[in-house]
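Features of the protein shown, as given by TrEMBL:
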TRANSMEM  31-50  transmembrane segment
TRANSMEM  109-128  transmembrane segment
TRANSMEM  135-152  transmembrane segment
TRANSMEM  187-212  transmembrane segment
TRANSMEM  232-250  transmembrane segment
TRANSMEM  277-297  transmembrane segment
TRANSMEM  325-343  transmembrane segment
TRANSMEM  363-384  transmembrane segment
Amino acid sequence: MEIVKEPSPLQNFLLFGYNGATIPLMQRTTLVLAVKIILAAAILFGFLVINAKNADPDMGWHLKVGQEVAQTGSLPSPDRYSHTMPGTRWVNHEWLIDAALWWLSAHNLWWLATVLSSLLAFLPFFVWIVRAQNFGMLWLALLGAASITPFLGVRPQIVSFAFFFFLFELLRRYFEEGRQKKYLWALPAVFLLWANLHAGFFAGLFLFGAYAGAHAAARWLEDKKLNLRASVFPAAIFTASLAGTFLNAYGWKLHAMIFQTVLSEENMKYIAEFQPLYSYFDPSIILLTGIALIFTFRFFKRYPPSVLAMALLFLAMAGTSLRHWLFFIIAAQPFLSLGVGYLKNDIVKASGQKPFSPRTVGALHAFAVGAFLLLSGCFGYKVVTYHGMPQPEQAAVFLESRFTKDELLRQVVFNEYGWGGYFIWRVPDIKIFIDGRMPYWVTKEGRPILAEYMSFFKSEQAQEQLLEKYGVTMLILKNTRWQKENDFWRTHIPAPVQERMRQSPRLKKFNAWLGGEAAPDVQEGLARHGWRAIYQDSLAVILIK
């Protein structure tokens, strides 16, 4: 039987160097470099396309607030955009970014915001691609890029993604490699800036504390004693960094707002990004989670304690709230890279005990290339079919053409939650019921405004009670009737099968993913209570009584 003993550089790259005792794992061949360049360009292009299509659903109020900050030099508090909670003092932790976004929009430079957001999101993946020593690392980089596409867009949280990556790289070099100590002196200033840009700085503080704690615990387990002297410097830097986060426009109220948001039951229950990881069906997220768990169980004893701790800690955080997935992607990079290396070593060991035949090598090559091409196709499909969150542009045009300014000011509106920010910016003469700033706000009766909003969808009786309580004169809702009539799955799957899918606990989430669980058709009940549509299109419907 013929044995392959000396794989080519490309074979070595594709198969983790399975027989690479005498061949370097990464040779700077033209082909390997071309693979990296093509992959990096594809990811960056995909991010640009998605960001061009998708803006933050709350972008409207971000722009309005940014305009006020830039033009008045003051923060927008108390609230003057809603009729449900006027005068509420609120914390806008993104005020600097909002001002910058408004300035770019006002000067027709929105394309620059798109490019900058794409570059910030792409930065970690670029670094990982450059570092990649084999095909497996590139495959995981592409999978990671595909998994964050639901979070992309011109969004302030992308700034925290970039800050978190910078901090993680710095802490990893210091705690795991014992170098670049001098750069830690800059962290208090970094956290001060971060706290004035986005509330994601709190994840950075958590990372810092977790890294320091994991490193100290690992040294204690190794030396059987606690080295206090080695802990003084990182503890001092952490304390200074924490203190720096209080030097913001709101002081301690910023930190209080973060705790209110994180601990809000309504956020966890109703807001998609705050819900558990398993509640969101995304193949790339599921696959990457599975790989992380397999690596954990297979190579648990081989991982350095701090690397394993960071990956599992942020995976657990993502498990409780999907919003933390972005941080897991960064914290898991060394973990995944080492896992690929351990897998390579197992392949080397297996080939040494029983060398692979040409047929086996060919099959492995075909599988590696096929899996990469399949993942590339899935990433491309995500990019091409991505449509973002549509906003009711035509409904806004109708309102401004149908009603005068005074008439709009007199309207008491109940609006779709995801459109509140849009109407704050696009039709500033109306006061909205709720928007993305308000989920954790509490009314004078002590009830979260988000719970008030959600009660509208419980029953016809609850609808009428809520509308009467607030004196609502106009409803701006999603046109669920049109969606039901034109939904592919509803028109192609027999009604009995749809009903069984809705009732089955095992099939319920799959049914929702297929589109079988559209929002309830509230229009029928509203019509019975005298509400009539004065405008509707495929997206929105406006009703008055």
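Using N, Cα and C of the backbone, Cβ positions are placed for all residues, glycine too.
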Review point. Would you call the transmembrane segment (363-384) and the transmembrane segment (109-128) in contact, using three or more Cβ pairs under 8 Å, pairs 6 or more apart in sequence?
Key: no
**Study point:** Distant-in-sequence neighbours of the transmembrane segment (277-297), which means Cβ under 8 A and at least six residues beyond its ends
**Key:** 140, 143-144, 146-147, 149-150, 308, 311-312, 315, 318-322, 325, 332, 335-336, 339, 342, 378-379, 509-510, 512-513
Study note, to complete from the structure: Long-range CB partners for the transmembrane segment (135-152) (under 8 A, at least six residues beyond its ends), listed in sequence order, are 13-16, 35-36, 39, 43, 46-47, 50-51, 54, 117, 121, 125, 128-129, 158, 273, 280, 282, 284-285, 287-288, 291, 325-326, 329, 333, 336-337, 340, 343-344, 368, 371-372, 375-376, 378-379, 382-383, 386
Check your understanding: Same chain, outside the transmembrane segment (31-50) by at least 6, Cβ under 8 Å from its Cβ: which residues?
Key -> 9-10, 13, 114-115, 118-119, 121-122, 125-126, 129-130, 132, 138, 141-142, 145, 149, 152-153, 376, 379-380, 382-383, 386, 388
**Study point:** Distant-in-sequence neighbours of the transmembrane segment (109-128), which means Cβ under 8 A and at least six residues beyond its ends
**Key:** 40, 43-44, 47-48, 51-52, 101, 103, 137, 141, 144-145, 148, 152-155, 158-159, 161-162, 165, 169, 329-330, 333, 337
